[in-house]
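These notes concern the structure reproduced below.
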Amino acid sequence: MSVMRNNWTKEEIIAIYNKPLMDLLYEAASIHREYHDPNVVQVSTLLSIKTGGCPEDCGYCPQAARYHTDIEGNDLMSVQQVKAQALRAKSSGSSRVCMGAAWRNVKDGPEFDQVLEMVRTINKLDMEVCCTLGMITENQAHRLAEAGLYAYNHNLDTSEEYYKEVISTRGFEDRIETIANVRKTNVTVCSGGIIGMGESIGDRAGMLVALSTLSPQPESVPINALVAVEGTPMEEEKPVEIWEMIRMVATTRIIMPETQVRLSAGRMNMTREGQAMCFFAGANSIFAGDKLLTTPNPDVNEDMKMFEMLGLNPQKPFTKVSQPTTVEAKDSRYESLGEKPKWSRPSHTIEKNLELSGKGKN
């Protein structure tokens, strides 16, 4: 029987990651079966409710306003548009809808009120609702919880050390603080990262240390393979090899046994065989739909064919945590405080991010 731990060291995690592959897979698959049904995989749909125009400089992201990419910015979707997309996702087999907005942080006002109504609407469809909206305060987290939010996503992206090579417009500590604010409510935490950004194996282990030492550990950990987008500072990074993804999934499963490990961005470059190995290694959640915010993703019908081929079943909603109750806006205990929190603005610069900022296409 595996033991839940919150004191993993970087050295221990590197040693696990570098095990002979057959030993690594056997250990990960054995632990996976202790805590989860190996033939059940959660299907989530990621919906970009507000695209582009983000003031941040995340080196991997085509939604940053400072980079010249082919992304077309869109204003916040309406509640009815979101409801229609959620119903479509539900009919395709998704049990969770994750709404993403390209914001640095949530600001109190009409747009946030609209997002809260989206959360209420989707929760009433008996689907898990997740949001990724940037940094949030404790009061904003409580307002989301009252609306019926099931999960809040805020990825650490990478290790604290390598983070400074990826993003200069906010600090790693802001990520941790946002997760802490979510933990003051009944909302579950979704937090993971990206591999393939030029980081070392030590950095991958460092990210897993940061995640696994959170108490409690995140209920969901997305593992993304970088999708290099033209116009971003990471446009020339080489694609992640499937073996790296398998090792990362397996290592995550071993050190966080109860967590749902989500096979996220980068699946377009993975064969069915590669994805099957990831499921065997402990991945038990995917994002479905033709796009992940702005990057291509396998068609949901193709995913369902893969599920049938592998004998996998989509997970039903609220399997891990019971459905939250929706409190209507008029009955809410928490109101807008008009907060203007002082999130950090690190003073360092990242040369390749600066080079791409404001540079037009030839």
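Using the three backbone atoms N, Cα and C, a Cβ is placed for every residue, glycine included.
Taken from Swiss-Prot, the feature domain 'Radical SAM core' applies to 39-267, supported by sequence analysis.
Feature annotation from Swiss-Prot assigns [4Fe-4S] cluster binding site to Cys54, Cys58, Cys61. Using a 10 Å Cβ-Cβ cutoff, Cys58 ([4Fe-4S] cluster binding site) registers 22 neighbours.
The [2Fe-2S] cluster binding site annotation in Swiss-Prot covers Cys98, Cys130, Cys190, Arg262. Around Cys130 ([2Fe-2S] cluster binding site), the same-chain residues six or more apart in sequence whose CB sits under 8 Å from its CB are Ser44, Arg96, Val97, Cys98, Met99, Leu149, Tyr150, Ala151, Tyr152, Asn153, Cys190, listed in sequence order.
Per Swiss-Prot, region 'Disordered' is recorded for 317-362.
Counting only same-chain residues 6+ beyond the ends of the compositional bias 'Basic and acidic residues' (328-354), those with a CB under 8 A from a CB of the stretch are 57, 59, 104-105, 108-109, 112-113, 116-117, 120, 135, 137, 139-140, 142-143, 146, 164-171, 173-174, 233. Look at Swiss-Prot and you will find 328-354 tagged as compositional bias 'Basic and acidic residues'.
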How big is the gap, in Å, between the Cα of Cys54 ([4Fe-4S] cluster binding site) and that of Arg262 ([2Fe-2S] cluster binding site), rounded to a whole number?
25
Where among the binding-site residues Cys54, Cys98, Cys190 do you find the Cβ with the fewest other Cβ atoms within 10 Å?
Cys54
Which residues, in sequence order, are found in the same chain with Cβ within 8 Å of the centroid defined by the Cβ atoms of Cys98, Cys130, Cys190, Arg262 at the [2Fe-2S] cluster site, excluding those residues themselves?
Ser44, Leu46, Arg96, Thr132, Ala151, Asn153, Ser220, Pro222, Ser285
Mean pLDDT for the domain 'Radical SAM core' (39-267), rounded to an integer?
90
